[in-house]
Amino acid sequence: MLGRNFPYFNSVGGFYSRENSRRQPGTGYTSKVRVRDKYHIVGFISSGTYGRVYKAVGRNGQGGEFAIKKFKPDKEGDIIQYTGLSQSAIREMALCSELDHANVVQLAEIILEDKCIFMVFEYTEHDLLQIIHHHTQPQRHPIPAAMVRSILFQLLNGLLYLHTNWVLHRDLKPANILVTSSGAIRIGDLGLARLFYKPLNSLFSGDKVVVTIWYRAPELLMGSRHYTPAVDLWAVGCIFAELLSLRPIFKGEEAKMDSKKTVPFQRNQMMKIIDIMGLPHRDNWPGIVHMPEYSQLQSLAMSRAPNHISRTSNLGSWYQNCLKNGGYSVNSSVGTPGDDGFDLLSRLLDYDPTSRITAKEALEHPYFKNGGPISANCFEGFEGKYPHRRITHDDNDIRSGSLPGTKRSGLPDDSLMSRAAKRMKE
Amino acid sequence: MAANYWASTQRKHWLFTRERLAEIRESFKEKDKASHTHFPLPDQRLLNIYFNQQLIKLGKRMSTRQQALATAQVYIKRYYTKNEIRNTNPYLVLTTAFYLACKMEECPQHIRFVVSEARALWPEFIVPDVSKVGECEFSLISEMQAQLIVHHPYRTLSELQPELSLTSDEVALAWSVINDHYLTDLSLLYPPHIIAVMAIIVAVVFKPSSQTAFHGSAAPIAGAMRDGGMNILAALSDKGGAGPPPRIQKLIAWLAESEVDIKAVIESTQELVSLYEVWEQYSEKNCKELLGRMIRSKSLDK
């Protein structure tokens, strides 16, 4: 490969700027490690509000595959400036450096270079979103019950580790649950995670909206200010349901913030939950009357014709339908999560956050206790093959400092160079 | 981890022996003897007192909590185990450590606000340009390898309060002893629970009539503390006898039963004693002048 032999070219990254030796006195910052000296960028994985993720392999004998998350720098005009890092980037860096558990994403290193942050993670071939999607193609075929059980067990195990260390994840959803090619579950994306041990400010005050709406716990929808690790367990319940039915269980539409930046009551999402779980009331959620959005809930209940709003839970029939449609049964090859699975699901989707099952209790649940050993490889015994993570090569340029459209003076345009280099290779 | 000191990066990467710390500082000196000769600085502890007072001034105008200031102080200490102070603008490091600690301790302040407040306090040394603090933030995080979660003794103190039935006065005094320990190297030398136990002992054994007498005029207290440390040692080795009053006996019994490293506790008490002794020599003016001269001559503020 070109980049390996020719020191001034990265085969995909374009022109290589040598260390600019303008080491200032004082606190002028120059990274001691350069991303492209250590890693060869293979392709682009995904992008989000935080920035972009690239797939990379180690250079210079450092084996292995990596996912490098590059945080988007703030831009002022055309020039990237140091503007102070976001609190979520700080949290993610600090937590990932501290955490060490088989079911939590593994950080290799963090490189701060040319005004950008590069978090280098181990590479994971799959995630639950991709696995669920795969089971809907070309037609729906269920995820084997044993695999669901292993996924859930590992997920709860990672979550127990986070919670015993006072870390709330706050954004659990299938896309954030990573799966290695050997079937290990890793909880990923700690961008919203934070410590909940006696925070200086109440947990509510920092970020007003938390958790992707479909996985958002009812107490958050009801405006709770004192939320707890229970929010993560609600999300696990939603993920459990989605693994079985291959569809989000509560697929609501998010009401956007109005111009005054007040957080609206998420009426539609709450209704999706009520459709299956029934209307929450004092008996199954004693604290509900103290919830800030309680009056909204009452008006929601009033606005519907009495017959159109369920007072009792329909989760049982939802579950039975789900097993039937998925072909889950004792006699089938996919097996069944059975009654224990239903009991665990209903304990995870408990309206009352104070009685909702904890990660520790969930791991002790009969669903895991009964039915034999659980493999640490969720793919064990699974015949099928999941496609590899899709990597594109449109943007292989992890090049520090500049984003498309920002040219640095004195250097050739990197993107042109990289295209030229590719052509040369071909 | 976050809740578990024993698995933390603080324990793994930021705990030094006295010898190692001395070695690091000596190596800075070796590398740049000229700077050390031309720019003498006060005793490290006196500098720490000065930095702390500046941090308090900065924090006051933004009503910051003590824990964020404590975290900032730890960041500064860690940073200066990796960088010679004479190559930095300490006012910028201080401002940045404060800015970063506020984010980490969940009381974030906007960078513009922090810079304008810092500039109001130290107009000669802080330029009105947020990118300087942004750049210094990279330097801090990189030198600390993003290991930004700090375990403080305050938490152990509040956990032990009911167990040792400490009065609110004792807790308040122990709290201020913990505040003071950031003025020494102790947070780089011992785990937070050792410091908390030390602070409790100081608070219970010395129980000064008024807390205000504690800072500054420390010599008599320092003497009393030295004797007190000995008393505890004596009491621990001689569990019979008439011994100290019941309250202290209870503490001693707890200490004997717990597996707290008594030697470390005594050593940290002594460290605190010597802080109070050296405090006598503290002069804000002197610190300010020496730092100012260094920064200006070396153009560290540019």
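Heads up, the Cβ atoms here are built off N, Cα and C, so glycines get one too.
Note that the structure is predicted; figures quoted are calculated from it, not measured.
Per Swiss-Prot, the candidate among A:K32, A:K38, A:K69 that belongs to the ATP site alongside A:I45, A:S46, A:S47, A:G48, A:T49, A:Y50, A:G51, A:R52, A:V53 is A:K69. For A:V53 (ATP binding site), the count of additional Cβ atoms within 10 Å of its Cβ stands at 18 [all protein chains shown].
Close to the recorded ATP site, the chain also has A:K70: residues not among A:I45, A:S46, A:S47, A:G48, A:T49, A:Y50, A:G51, A:R52, A:V53, A:K69 whose Cβ is within 8 Å of the site's Cβ mean position. DSSP classifies A:V53 (ATP binding site) as strand under the three-state reduction.
It is A:D171 that, of the recorded positions A:I45, A:S47, A:G51, A:D171, has its Cβ surrounded by the most other Cβ atoms within 10 Å. Under a cutoff of 8 A between CB atoms, and with a sequence separation of 6+ in the same chain, the neighbours of A:T49 (ATP binding site) are A:K72. A:V53 (ATP binding site) sits 18 Å from A:D171 (active site, proton acceptor), counting Cα to Cα.
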